[in-house]
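Per TrEMBL, these features apply:
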DOMAIN    356-488  domain 'Fungal lipase-type'
TRANSMEM  6-25  transmembrane segment
TRANSMEM  37-62  transmembrane segment
TRANSMEM  82-102  transmembrane segment
TRANSMEM  114-139  transmembrane segment
């Protein structure tokens, strides 16, 4: 409560000082009909605000005591919260009284005085309304119910008992709460049966993930900033020799890498172009609208070549600008977008003699729902593998595009025009994951196809499928990209790391957050926070501390995972899914920033899926995923290779 409460204290103190100044200035102007009422309103309001500020100041002081896992010094906090809650009643009543008195026609004071009172009344109502909205947003309807967690063995023993029914009701309630939250976030989109099934599936996933921890958002923020600083300290240490040597490729492998980097830089243009006008305007904020308004109207393909809505032809015009192709080079363009149905286009790339299928990444609420439908489903390939696990939502999106390409004869039409061209499938983010699974589906029919997946989701393919795709899929990952490391096992690992580092830190949360904000904005040396782990021997580190137990619901999978023996003997809660194909990892080697420009040098190397088995915390974990950053890195490496050849 420290940060929100101290913010309220500052705002209310400024308001109290302002009202006091106005009361002092206009003190002699209340000798008018109804002036006594207005005088009483301001006087009582000053007393009421002073009481609220005192209660909030006490909340701030108590919130500063103890640590995240040691709430003992904060045991009086509930009483202070109830005291503040009781003060809302006179505050609300006095706001109503002020509104009535100000609107009373019998009050005939100076206009300046009345305007001052109107301003204070409006401010009171604004604060009350925003407080109610804030409480509605942060209120957890589950409350203490989510701490009721039992293992599957106990569940089976209690199926017919009252406790078993209670457990079922708690889980069902938690799923409904998450489903309502998701529906509220997606209230602006048309909802059908597919949406309802997706909402339930995603709600069940969130319920499972969050049901066994007792962490609030500020705890998670504190954990992330501690993990970032710990990670930076580890990166500053010298690396093991074998870690460095394993990335020293032979000349043959290096040549192969240079070729793939040049191809990736070329095809990334198509993956970026699939985003349409949002990407074009984002990368050309000052000139894009003028260029699109001037050029788009005359360059539209026939109606049979395009599906979906493209108002003012901005999407197609942007694709033309980004790729540099002519409108006659496009075989099919789809802007149709629903859950599990994402936009794509098919074009002829005469420079590389390829038929390119470019799949768009996440750009809408429907795409986010497709991303979050992260259940696993089987993908059986005839004459290739017995079966493999894949990401459910992305697989359904790939199935949609597969049906369009094959059943609607789009690929047949393309190969009729240029039978000698090869098939290349590209995409970024969600588009990269969809392109990868689509390539697996088309591999038997088109043995020479290639796929370039830029920043695909990490939890995509099972190990057998990931190994199979190394022959025809290239994944390109930049830096500490979060999405490339996103999988349910990695998220579980991140949750356990947050619980451990937060629970074992001996500093109050407000100090962690303030120091973390300073570190993220201004940099400096990572803070060396003292922890309960200091001085413990290695054997003791395998057991959870009391502080960790207080933040993990007893006998939950995450709690058991803190214990070494239980973690080894129990099956994984989620199957491990991996990145597709061979992986090119691009990292920032050096950066020399000037006032008006920045010069960043990148290096690239072949990597493997184990490098992405843990989520890295960094300010660049989001920016490294952006398509313009990926394109910039690839162009930089491609130009560097070209200049070396010319030399």
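Keep in mind that glycine also has a Cβ here, set from the backbone N, Cα and C atoms.
Long-range contacts of the transmembrane segment (37-62) within the same chain: residues 1-2, 5-6, 8-9, 12-13, 15-16, 19-20, 22-23, 30, 73-74, 76-77, 80-81, 83-84, 87, 90-91, 94, 97-98, 101-102, 104, 107, 109, 113-114, 117, 120, 124, each at least 6 residues beyond the stretch ends and with a Cβ under 8 Å from a Cβ of the stretch. In the domain 'Fungal lipase-type' (356-488), the DSSP tally of helix, strand and coil residues is 58 helix, 31 strand, 44 coil. For the transmembrane segment (6-25), the list of distant contacts is 42-43, 45-46, 49-50, 52-53, 56-57, 60, 116, 120, 123, 127: same-chain residues at least six beyond its ends, Cβ to Cβ under 8 Å.
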